[in-house]
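Per TrEMBL, these features apply:
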{"type": "DOMAIN", "residues": "18-133", "note": "domain 'Response regulatory'"}
{"type": "DOMAIN", "residues": "176-312", "note": "domain 'GGDEF'"}
{"type": "MOD_RES", "residues": "Asp66", "note": "4-aspartylphosphate"}
Amino acid sequence: MMLSGILQQMDYFRSQARILVCDDEPINAEVIKGVLEGIFKVDVVYSGEEVLEYCEKFTPDLIILDILMHGQNGMDTCQQLKKDPSLRHIPVIFVTSLNSGFDEIRCWDVGCVDFISKPINAPTLINRVRTHVDHKLKTDELTRLTCVDNLTSCYNRHYLSDLMPRLIRQARRDKHPLSVAMIDIDWFKRYNDTYGHLKGDQCLTQIANLLKDSLYRPTDTLIRFGGEEFLALLPSTSLISAEIICQRMLERVASTAIDHQSSPLKHITLSIGACTITPESEVKMESLIQLADERLYQAKQAGRNQLSLLECRSSIRC
């Protein structure tokens, strides 16, 4: 890509960056929003508690946080953010009128990346925010590359360990169901033995693309779980909706009719085990994946090329 293209791409991603501004004085928050709006997407909240609530649902690219606020102050809020593995990467800029070296040391200790002094100087604010957003976007891209499976371009299990706890928290907070589907390519070892590993890799890539094409919402995520297994994460998805999505996967792969002479049906098929947790459920990530895996086992035991479903409504093992 030529330099001009790279710069245009960076400008686009920067324009899509979301900045969260927090100040318990609405006029101060609106001043900062007015300076940054048009360059970035800007949301405003008015307390430390609201920052934490916002970050459970959305992930801003940078937070501008006033230090002195009623209730939970900026330092305590920042400290809580940095304790959460899924949020600690978000850069925090403190807004302060304090000149005490001791207070600055405390701010660095809790994890801020920069300071902006009151009264706000617009060019300084814009340039500091742009610098930290650009750095985060580059870091995010490097992280994304480490979280993507090289063969299929699906996310890998490293990404799963970061994403899934957030989805479970979000489901409980919003009182929405969360569904996961464990997907396995039937008789894939036989496929590799018959056609060779190069054709096997091509088959995996084709199946991954068919599965991704079956997920219509941007919030749905496909993970390559390992070997010929994939995991679909389906937030805000009931058992009935999960069944529709999984049936679409089965039908899309079956209708493509990828040749597999070592399979009883002579073409590639899938087995899927899906599990839905309702908001009152207290099932943890590992248990949810295990439940979906058990459903997958049931689908295979019943003859493969089918779906097995489970809904879990409580903390009691389903």
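Cβ coordinates are placed from backbone N, Cα and C, and glycine is handled just like the others.
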Helix-strand-coil residue split for the domain 'Response regulatory' (18-133), DSSP-based: 53 helix, 26 strand, 37 coil
Same-chain residues at least 6 apart in sequence whose Cβ lies under 8 Å from Asp66 (4-aspartylphosphate): Cys22, Asp23, Asp24, Glu25, Asn28, Gly74, Phe94, Val95, Thr96
For the domain 'Response regulatory' (18-133), the mean pLDDT of the predicted model: 91
